[in-house]
Amino acid sequence: MLRLAACVAGIYSCFLTWGYYQEKVSTTPYGQDAQKFKFFIILNLAQSLCAATVAFLYLTIQGKSLSRPSTSLTFKYLQVALIGVIASPFSYAALKHIDYPTMILTKSCKLVPVMLMNILLYRRKFPTYKYICVALVTIGVSGFMLFAPMDDHKGKKGAATSSLYGLFLVAINLTLDGVTNSTQDQIFHAYKVTGQQMMCFMNLFMSAYMAIWLLNPFNPELGQAIAFCQTHPAIIKDIAMFSICGALGQCFIFYTLEQYGSLSLVTVTVTRKLFTILLSVVAYGHQLTLQQWSMVAVVFSGIGLEAYVKRSEKLQKMAAASSTTTIKTEKFVHGSPTGATTTTTTTTTRQRTTIIAPKN
């Protein structure tokens, strides 16, 4: 329990700080000319390199080796890294059309696209509570957008169109994140790697993908980003803090995923996103109406219901599994001159067992 509490504290502290600097780097103007940093591949590359380094140092301190992965495992790492590289730009592009609290709230709703895809593609049916959760989340997000304060610089139609496009970009990011998470779960179960090994290799491959893109002679992004940092040196500290907090946060994320499973991790990260919204509102002065706060509560009530029911089901399965034990007893065969024994196996559903000594 203490280790889980330490993981929760680590995830909260690292990712709340990470979210603060993510919003600052991606939305705040720098310098007297009020220029915004638009080179998000550079931002992701800095974080990936920092995360790979932190994971390697963690393994070294623990005395664990970073063994070379097999061919099939390497292919899986390449796959999950590619999806991660593709997914991230969609969330940054969405910030051009929606504000940061809206993006965080929408990204908390991973259940909706996953469930819709299962219904549409595989004709699956779900328990009633899942439909209730999806309804609450959908109502909450829709209401949050509906009750947003009117932008004086945009007409109502223009603002609505821009917001819908921003939500569409976030939905793409969520779908790709869902593929990433399912692939990571498969890697853990099939290859028995540690969280830090996956973190190191995944970030190394992500860095390689982004480096190839940036070193393309037809892509001016690297040179422009360096020029921006030279002109606005204050951003260097913000990028460094963003990368370090993200790297340390990933250590807690992968450790929690490995030790406690994805359900516990989702519960922690979802509640963390609620506090990220609160921090963003306080730190950057976002104006949320009372109706919007009520819609935030509706969204997180749906997410909380999903997490609570899943956790209850998991605890019931664990209790059922632990209550069924297999007991082997040995008894001397009466009248056997050699004192031979026979072994019988019985299964009981009692938690408490009584051991009876063999008769002479």
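In case you wondered, yes, glycine gets a Cβ from its N, Cα and C as well.
Some features that TrEMBL has for this protein:
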TRANSMEM  39-61  transmembrane segment
TRANSMEM  73-92  transmembrane segment
TRANSMEM  104-122  transmembrane segment
TRANSMEM  129-150  transmembrane segment
TRANSMEM  162-179  transmembrane segment
TRANSMEM  200-219  transmembrane segment
TRANSMEM  239-257  transmembrane segment
TRANSMEM  264-284  transmembrane segment
TRANSMEM  290-309  transmembrane segment
- Item | Surrounding residues of the transmembrane segment (129-150) on its own chain - C-beta under 8 Å, 6+ positions past either end | 102, 105-106, 109, 111-112, 115, 156, 159, 163, 167, 287, 289, 291-292, 294-303, 305-306, 309
- Recorded stretch, among 39-61, 200-219, 290-309, maximising Cβ pairs under 8 Å relative to the transmembrane segment (73-92): 200-219
- Given the transmembrane segment (39-61), its same-chain partners at Cβ distance under 8 Å and 6+ residues beyond its ends are 25-26, 85, 88-89, 92, 194, 196-197, 199-200, 203-204, 206-207, 210-211, 213-214, 221-222, 224-225, 228, 239-240, 242-244, 246-248, 250-251, 254
